[in-house]
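A.B. asks: Relevant sequence annotations retrieved from TrEMBL are reproduced here:
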type	residues	note
ACT_SITE	ASP272	active site, nucleophile
ACT_SITE	TYR420	active site, proton donor
ACT_SITE	HIS475	active site, proton acceptor
DOMAIN	100-203	domain 'Epoxide hydrolase N-terminal'
TRANSMEM	46-65	transmembrane segment
Amino acid sequence: MTCKARILVYLFSGKVEQRPTFARLGLENVLAAILRYFSGAMGWKLTTFFVVVAVAIAVLFSGVLETPPEPLEFQDNYWGRGAKPSPDTKEDEKVYGIIVNVSDSAIADLKNRLLSTRFFEALEDVQFQYGFHRDYMIDLVNYWKTQYDWRKQEAYLNTFLHYKTKIEGIDVHFIRVKPKLKPGQTAKPLLLVHGWPGSVFEFYKMIPMLVDPTSHGGSEDDVFEVIAPSIPGYGFSEVPHKKGFDQIAAGQMFLKLMERLGFEKFYVQGGDWGALITRSMALLKPSVIKGLHMNMPTVKFSAVYGFYLMLGSVAPSLAGLKEEDYDKVYPASRQLFFTLQESGYYHLQASKPDTVGFALNDSPVGLAAYILEKFSTWTNPANRDLADGGLEKYYTKDDMLTSVMIYWLTGTITSSMRFYKEEFAGKAMETNRMQVTVPTGIASFPHELGHNPEAFCRLFHPNLVHYTLMPDGGHFAAKEKPALLAEDIRTFVKKVESLKSKDE
């Protein structure tokens, strides 16, 4: 490396040996490439300019990415009602089976509410640009009242075995699906974690592809045993009764769940909140996480990220961007405008979730509009220009309504929205800046809410062994494109197992 590049590296990161994070980011190579790019008669003038800029950025860079020398510490949490039991009181660790079975009175109450729905007048010449369209909602409600059969959907939900167990004072629900193994065959344990506004139901089409791979294009070596918990406050898990339940708390709880089920090491996968929860699990106890797979990687804005973002706008190759990355990331104003258009829910839920909770918990139609509008736009933003939001291109009415019914019948829409509030209230935001060191795989779907290129993801996941630009699909990948996601999970796990074999 040239003398000029070494000067810049020192200014950017101090003594490299004292800041291994920046060595892993490859800034030496980036800066050397910049100098080669601007070599010539003006080389030293440009070097002087970069030195000035580097001094400013070096200040910003201090401490922006952290790799904890030790895993995050487990907290002594209690989310149950009332006072925390004394240390001498041992928690009941029994795991017991349950059946999804809703009372007739709950169904009767729902039908009465649907019959008394008060619709508003729709605007002319609009589709889903203003939100869920009234005319399609009238059609959906008519189906809900006259054709939708909850008991049939309930039976479908019960095709997988459901369980509950008490962890940190509340009942945690999960489904566990074991494969039929041949003599000598073993299954890889895989924890699947959903997001908002989802539930374990979104995995129902993909789970058979994972536990019975030979019937779905895989091999006998691809077989998994699947555990899919409901995030506390979502669906069939109990609601946390204390404030502060965030992605770190959920990650700790799911680590305890897997230990209770007897798994010493396992794979984890998630999208949306599921990605952040499984990421937290890898930070809390990396020794038990064989691999982390995500279909919505979240990278937090920082000085390092900002530097790469600015660099990529003028010199994409220097920032590690591919042509398809550039078209999805720039101009940044386009992504900013989309975020402003589609993130109103986030600000509401991150500030006063209980306020809107009164309305959504009281009106099944209001709840359906709030949830299914996300199913429309987050599956593909172009759906905003369709009269039915494009929903039935991807999902059946039964699929959509069952997703809504899980929130309605359990009364958990308000508690699920509190997760956004807790992210800002606690330490969760701090961990989003930390680097995860376990083997990581990412499936990047083209219609996801935002695109994070491989180079940017590697800043936060230096052990990124697998990254796929998926051919189609959006935010609800497991529900919309189960075969694509299942195949990417298989491919990722094969890479991790292969690397492990080489190391041994």
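Even glycines carry a Cβ here, placed using N, Cα and C.
Keep in mind the model is a prediction, meaning the values are calculated, not measured.
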A.B. asks: Using Cβ-Cβ distances, find the residues under 8 Å from ASP272 (active site, nucleophile) that belong to the same chain and are at least 6 apart in sequence, listing them in sequence order.
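C.D. replies: Listed in sequence order: HIS194, GLY195, TRP196, GLY198, MET296, HIS475.
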A.B. asks: What are the non-local neighbours of TYR420 (active site, proton donor), defined as same-chain residues 6+ apart in sequence with CB under 8 A from its CB?
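C.D. replies: TRP196, TYR346, GLN349, ALA350, PRO353 - these are the non-local Cβ neighbours of TYR420 (active site, proton donor), listed in sequence order.
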A.B. asks: Need one number: mean pLDDT over the domain 'Epoxide hydrolase N-terminal' (100-203).
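C.D. replies: The answer is 97, the mean pLDDT of the model over that range.
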A.B. asks: DSSP says what for the domain 'Epoxide hydrolase N-terminal' (100-203): how many helix, strand, coil residues?
C.D. replies: 37 helix, 21 strand, 46 coil
A.B. asks: Within 10 angstroms of the C-beta of HIS475 (active site, proton acceptor), what count of other C-beta atoms is obtained when all protein chains are considered?
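C.D. replies: So the Cβ neighbour count for HIS475 (active site, proton acceptor) comes to 22.
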